[in-house]
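Here's the structure, in structure tokens; my notes come after.
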Amino acid sequence: MARKLSVILILTFALSVTNPLHELKAAAFPQTTEKISPNWESGINVDLAISTRQYHLQQLFYRYGENNSLSVEGFRKLLQNIGIDKIKRIHIHHDHDHHSDHEHHSDHERHSDHEHHSEHEHHSDHDHHSHHNHAASGKNKRKALCPDHDSDSSGKDPRNSQGKGAHRPEHASGRRNVKDSVSASEVTSTVYNTVSEGTHFLETIETPRPGKLFPKDVSSSTPPSVTSKSRVSRLAGRKTNESVSEPRKGFMYSRNTNENPQECFNASKLLTSHGMGIQVPLNATEFNYLCPAIINQIDARSCLIHTSEKKAEIPPKTYSLQIAWVGGFIAISIISFLSLLGVILVPLMNRVFFKFLLSFLVALAVGTLSGDAFLHLLPHSHASHHHSHSHEEPAMEMKRGPLFSHLSSQNIEESAYFDSTWKGLTALGGLYFMFLVEHVLTLIKQFKDKKKKNQKKPENDDDVEIKKQLSKYESQLSTNEEKVDTDDRTEGYLRADSQEPSHFDSQQPAVLEEEEVMIAHAHPQEVYNEYVPRGCKNKCHSHFHDTLGQSDDLIHHHHDYHHILHHHHHQNHHPHSHSQRYSREELKDAGVATLAWMVIMGDGLHNFSDGLAIGAAFTEGLSSGLSTSVAVFCHELPHELGDFAVLLKAGMTVKQAVLYNALSAMLAYLGMATGIFIGHYAENVSMWIFALTAGLFMYVALVDMVPEMLHNDASDHGCSRWGYFFLQNAGMLLGFGIMLLISIFEHKIVFRINF
């Protein structure tokens, strides 16, 4: 970096020394430039280049000069400020290879930001620039290095092609060996001599003499080029003219330059501001126009933003706060309303269609919850690049200009964000792969067991006859015990049914199974004769038939059957594990008030955590809140269905169940408000909320819902397990796809909203 700066300064002031009289003549006769400019090389606006260069020179002279001239002391201050007054020893432990790819950045501000990254907290950033000022070791060496600096963008001009090939390796090796070859005193004295010469010619411009670095005949060799070079002498030759003093009073040359920093130009902006085409190769003469602008930007630090300035210039979050409140309120309202509408599905709970629907909804919830955790919540909790991008972008644009924000900020942020997105998608791929493996292995095992069972044939006619007799005996036994069972249930277990609403009549077969589980625990031996036919009358008849003849294993068979019945009861009546597992008798004894309190507290705490996640997500941005809201909605629907089933079995009416669920949903609004306040007013707390929410989502998805998907009771209803398998895969992949689309187009959603 110091090598470039040395070349820029030497070339600028050396060229200004070689032809001062011609510049005075050009200033006295401005019509000369107008006549020659049409003959200038196509693609370059000479007038604009001259005026822009004049502006930057006046900025430098106003900053360091007095009476329209630059003294030795002022020039020394300029060199010290940009960090090339002498060689300084610093210890920075980082890889220097990044200096060899300047063309990758293609703009001054990114390289300048990287060079000054370690000095943002103090004002001694000259040391860092001096790390690269080893190019100032000799005068002859400086002459060839100015076009070499621009070899990245030109590469076609013969004057520039000399140093193009060796630019990067020599630049890197020169930094390593400079301490052995050049002493600090030599470079300091050389720069001081250059300062003395340049300043002397500026002050005594009436009697110019050529500098040591350039020949005398430069001014007479190419008149068109020389006429177009309005360098420092144009400013110095007008000491008595008001053309210099008037701009100093204007808004461009006010003393408030530091308060209103200049725009940070990249390579394209520098060329266009000087009237040069982006595709036009630069030679040394044309590059001379750019030198004052480059030096002015380095000196004014237009491309640096200090930490204190960032915090001071960040605009208030009024816009994002409004979006957070509106979006969070709408999201919570939609989720609560649609979840309450799930009560219309309660009458369908005993139908096969409901099993398919619930299986798909659970799989969709798994996909959205895990997708939101891996693709959105965890990436945002690990890195705050999106958070800083959304809030710091106005300040960055004020400081650096819209072109820089579009070219650098967008590309870097998108590449970093997509990297975390693909890693999260890889984690989801591992999760889905293990789900497929476990599910497919289970299906294969069940298929083999079914095949072995079908292959078992009766060996002789005696076995067939025995089975027929056992079947007759079973039917007679069930008929005889039916009366006793009716009397017992009338006196005991069904006494509470007379007090229930009529809408529970359709659920009595399911309740009988619950009661039989309780009976089996209390009296395993006494009620065995009535327990078997009643429980196995419809669903477990074949299992009982296969083992009933084995009189030696009756007790063992009883325990096996009890396990199967209890497992079937759990799967049949609690398709989603959010709902509490209570028998009907327990629900009745508990009372409506106690159960309502349990639902409000248990389900309300869950809704509060969901609202907290939604509120914090909307403070991050609209797309963040959208993805979290979709994930919450997809797992709230089956969750609310389970809660409705529990409340209705407790004896509540539909209106009461809706009311208590609505009360628990109110806690979601409280959680949303808490999340918005924390995310907006607390520093970086929303990142911790995202991490906590990701853990909650993954627990609900992987611990609660995935086991329900793996252990479904499709075969008990005569349904194909493969049909369930494909339906569950469709739900999971749909959830993954929704979260992936939101994650990929998240930055575009924010961009459109901002405009």
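Keep in mind that glycine also has a Cβ here, set from the backbone N, Cα and C atoms.
Summarising the annotation, Swiss-Prot assigns signal peptide to 1-28.
Classification of N67 (N-linked glycosylation site) by DSSP places it in coil, neither helical nor stranded. Per Swiss-Prot, N-linked glycosylation site is recorded for N67 (among others), and the stated evidence type is experimental evidence.
Residues annotated as compositional bias 'Basic residues' in Swiss-Prot: 129-144.
The N-linked glycosylation site annotation in Swiss-Prot covers N241 (among others) and rests on experimental evidence.
Marked as N-linked glycosylation site by Swiss-Prot: N266 (among others). DSSP classifies N266 (N-linked glycosylation site) as coil under the three-state reduction.
What Swiss-Prot lists as N-linked glycosylation site is N283 (among others), and the listing cites sequence analysis. According to its DSSP assignment, N283 (N-linked glycosylation site) is coil.
Under the heading transmembrane segment, Swiss-Prot lists 326-346 (among others), citing sequence analysis as support.
Residues annotated as transmembrane segment in Swiss-Prot: 356-376 (among others).
If you look up Swiss-Prot, you'll see 424-444 (among others) marked as transmembrane segment, on the strength of sequence analysis. If one looks beyond the transmembrane segment (424-444) by at least 6 residues along the same chain, the residues whose Cβ comes under 8 Å of a Cβ in the stretch are 370-371, 374-376, 378-379, 702, 706, 709-710, 721-722, 725, 728-729, 732-733, 736, 740, 743.
The feature transmembrane segment is assigned by Swiss-Prot to 658-678 (among others).
Swiss-Prot lists N684 (among others) with the feature N-linked glycosylation site, giving sequence analysis as the kind of evidence. According to DSSP, N684 (N-linked glycosylation site) sits in a coil region rather than a helix or strand. N684 (N-linked glycosylation site) counts 9 other C-beta atoms within 10 Å of its own C-beta, drawing on all protein chains shown.
Residues annotated as transmembrane segment in Swiss-Prot, with sequence analysis given as evidence: 687-707 (among others).
Per Swiss-Prot, the feature transmembrane segment maps to 725-745 (among others).
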Recorded stretch, among 326-346, 356-376, 658-678, 687-707, maximising Cβ pairs under 8 Å relative to the transmembrane segment (725-745): 356-376
N266 (N-linked glycosylation site) CB neighbourhood, other CB atoms within 10 A: 21
Residue, out of the glycosylation sites N67, N283, whose Cβ gathers the largest set of other Cβ atoms within 10 Å: N283
Distal contacts, the transmembrane segment (326-346) - CB-CB under 8 A, six or more residues away: 354, 357, 610-611, 614-615, 618, 622, 625-626, 629, 632-633, 636-637, 639-641, 644-645, 648, 654, 657-658, 661-662, 665, 668-669, 672-673, 675-676
Between N684 (N-linked glycosylation site) and N283 (N-linked glycosylation site), the C-alpha gap once rounded to whole angstrom: 50
Rounded inter-Cα distance in Å - N283 (N-linked glycosylation site), N266 (N-linked glycosylation site): 19
